[in-house]
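The next block holds one structure in the form of structure tokens; read it before the comments.
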Amino acid sequence: MAARGKKLINDPYDVVTQFIEGLAETYPGLQYLDGFPEVKVVLRSDVAVGAYDKVAVICGGGSGHEPAHGGFVGQGMLTAAVSGDVFTSPPVNSILAAIRAVTGPKGCLLVVTNYTGDRLNFGLAAEEAKSEGYKVEMVIVGDDCALPPTQGIAGRRGLAGTILVNKVAGAAADACLPLEEVAEQARHAAKLVGTVGVALSVCTLPGQEISERLGPEQIELGLGIHGEPGIAVTEHQRVDVVVTHVLKQILSLETRYVPITRGDRVILLTNGLGATPIMELMIATRKAVRELQLEYGITTDRVYTGSFMTSLDMQGFSISIMKSDTTILQWLDASTKAPCWPAGTDGDRQKPAKVAVPAPPSCAIKSDKMLQQSRELTKEGCILEASIEAGAKEIIRIKDSLNEWDSKVGDGDCGTTMHRGAIAILDDMKKCYPMNDAAETVNEIGATVRRVMGGTTGILYDILCKAAYASLKGIKTVEAKHWANALQASICAISKYGGARVGYRTMLDALIPASEILIERLEAGDDPLDAFVVSSEAAMTGAESTRHMQAQAGRSSYIAADKLASAPDPGAMAAAAWYRAVALSLKSASCHSKP
């Protein structure tokens with residue numbers, strides 16, 4: 001038996017009225033009409049009843065497509081929006097109430113999506129309003145390109161392209177054009193736009209059971225916005241493949257639904273259907289822009305990406321393509337106070353999406369002469385290279401252990417992140433680290449980890465390297481005391497910017513004991529290499545002790561104490577591991593160099 005869909009609602013029968021109340025509370029420029037909740041009309045709060053001196057533009061339909069249409073009410077777009085119940089056309093009385101409320105002597109335009117219920121209810125309301133003396137025009141939008149041409153009267157469904165038509169009509173009306181011209185601009189826009197939708201899941205109506213029509217590995221092509229079946233169900237594919245199919249449908253030379261050919265310029269609208277992350281929508285937009293240019297020879301003048309006309313909680317998206325011309329761009333770029341129209345999308349699309357940014361010199365752009373000199377290693381350079389290699393290889397070796405610990409106390413990717421950094425260090429080390437200059441080498445390690453590791457771990461290690469570089473810079477011959485000072489400087493920097501201290505269950509629980517023992521043993525006159533090895537043992541002991549600590553920093557701070565006891569802090573264990581590997585490498589190098 002199918003499960004009932006979970007919704008953050010109170011009563012399935014009150015969702016529309018409570019949505020409208022929340023919308024009006026959120027946006028001061030909007031209000032709802034008297035007669036609520038039977039009459040569900042959102043209108044501009046600055047329009048006085050019967051006194052509006054421009055053409056009023058009204059759109060509407062069944063609810064469940066938010067932000068359409070109430071979210072597009074505002075100066076420069078819709079004057080009012082009429083809502084029915086979920087996926088149900090609004091009744092004639094509600095549409096009439098909207099017409100009476102916002103229509104002045106210039107008349108009103110009704111923009112209607114091509115569904116039978118909407119056409120009939122808005123049509124009857126228009127005729128009634130005309131009999132009362134109002135000037136009324138109606139424009140039908142049918143932008144669906146998924147269905148083959150029909151022999152009947154139903155025609156193409158109205159989809160997200162309606163939002164672009166609303167913007168054109170609203171801007172034309174705001175420019176004080178007469179009703180006939182506003183209607184003509186809207187009809188012109190409606191003829192130029194085509195849309196195809198794709199879904200990964202079927203929407204769930206409030207209070208209803210979850211549909212099992214689509215399997216976990218299936219997607220539906222060419223669907224409507226009311227949960228009705230599409231034209232085909234196919235296996236799940238990469239979004240690039242899906243976008244290619246959608247564009248082919250819209251630009252089909254067989255149906256010729258839109259008058260767009262090679263060399264034309266277009267407006268692209270990528271619309272989320274309710275439960276699609278903006279990341280996925282942007283990935284679809286990326287593919288659509290490139291494919292239009294490369295495969296069809298079509299340039300995008302404007303690109304809009306977001307959720308404009310949804311289908312409750314449906315996973316999926318639709319793509320709308322509108323042929324561009326000077327007038328269309330003028331209306332789309334015109335200012336509006338409609339709260340859900342995307343801001344910052346006007347302007348010339350001739351600018352390249354990617355711009356070169358000056359960057360400071362790094363190992364990637366060193367001169368051939370400098371790199372050649374850096375490869376003629378001194379004895380100290382050879383030792384430094386061997387120690388870095390040892391530390392990196394130890395991190396690679398314990399990758400799985402780090403991930404296992406992190407899966408218990410964090411997000412499970414510590415080993416993967418550290419492994420990525422270690423691999424990059426080994427690669428860059430052979431190409432561009434100036435091993436004869438300890439300070440510059442440490443600085444380049446920081447640049448490497450910043451480039452490839454990312455996240456908190458990457459930035460902390462970059463801070464560590466930058467602080468050590470500042471401590472070592474200008475020292476011609478780096479000795480043990482200088483390394484001890486550099487380690488201490490790194491710890492101070494990490495603590496300053498990250499906020500952690502000893503006992504917080506972080507990498508500092510390994511590095512602080514190591515630093516303290518190293519300084520103590522050097523001041524006591526111990527052999528520097530022995531002091532380094534002893535300090536590495538302190539690092540490992542400190543890392544192991546994190547099992548008994550309550551985390552006070554990072555993701556582990558959200559984990560219960562009993563869960564934390566099952567594993568040491570992976571960041572501390574990683575720090576202790578590379579530190580000890582470096583210490584043992586230095587000791588080994590010293591032993592091998594003795595006669």
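Note that the numbers count up from 1, one per residue, in the order the chain is shown.
Using the three backbone atoms N, Cα and C, a Cβ is placed for every residue, glycine included.
Here TrEMBL flags H226 as active site, tele-hemiaminal-histidine intermediate.
Residues or ranges marked as substrate binding site in TrEMBL: G62, S63, G64, H65, D118. Counting every protein chain shown, 28 other Cβ atoms lie within 10 Å of the Cβ of H65 (substrate binding site).
Per TrEMBL, the feature domain 'DhaK' maps to 11-341.
The domain 'DhaL' feature in TrEMBL is assigned to 382-584.
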Residues near D118 (substrate binding site) by Cβ (under 8 Å) yet at least 6 apart in sequence within the same chain, in sequence order, are G60, G61, G62, S89, V112, G158
On a simple 10 Å Cβ count over all chains shown, which one of the binding-site residues G62, G64 is most densely packed? G64
Distant-in-sequence Cβ neighbours of H226 (active site, tele-hemiaminal-histidine intermediate), under 8 Å, six or more positions away: G62, G64, F87, S311
Only counting partners 6 or more residues apart, tell me which same-chain residues put their Cβ under 8 Å from the Cβ of S63 (substrate binding site). V15, V16, F19, K40, S83, G84, D85, V86, F87, T88
Largest inter-residue Cα distance among G62, S63, G64, H65, D118 [record-listed substrate binders, Å]: 15
Excluding G62, S63, G64, H65, D118, which residues of the same chain place their Cβ within 8 Å of the centroid of the Cβ atoms of the recorded substrate site? G61, A68, S83, G84, V86, F87, T88, S89, I225, H226
